[in-house]
Amino acid sequence: GFPCGESCVFIPCISAAIGCSCKNKVCYRN
């Protein structure tokens with residue numbers, strides 16, 4: 001539920017490496 005400060009409109013979340021995932025075009029973690 002915390003935003004990772006990254007969007008995922010055109011590319012995947014680079015922050016997925018630290019547990020972030022794409023939701024509503026923004027990367028979130030928990």
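Including glycine, each Cβ sits where the backbone N, Cα and C put it.
Candidates considered were CYS13, CYS20. The record in Swiss-Prot pairs CYS4 in a disulfide bond with CYS20. For CYS13 (disulfide bond), the Cβ neighbour count at a 10 Å cut-off comes to 20, with all displayed protein chains included.
When the alpha carbons of CYS4 (disulfide bond) and CYS22 (disulfide bond) are compared, the span between them is 10 angstrom. In sequence order, CYS8, PRO12, CYS13, TYR28 make up the list of same-chain residues 6 or more apart from CYS22 (disulfide bond) whose Cβ falls under 8 Å from its Cβ. Within 10 Å of its Cβ, the residue among the disulfide-bonded residues CYS4, CYS20, CYS27 with the fewest other Cβ atoms is CYS4.
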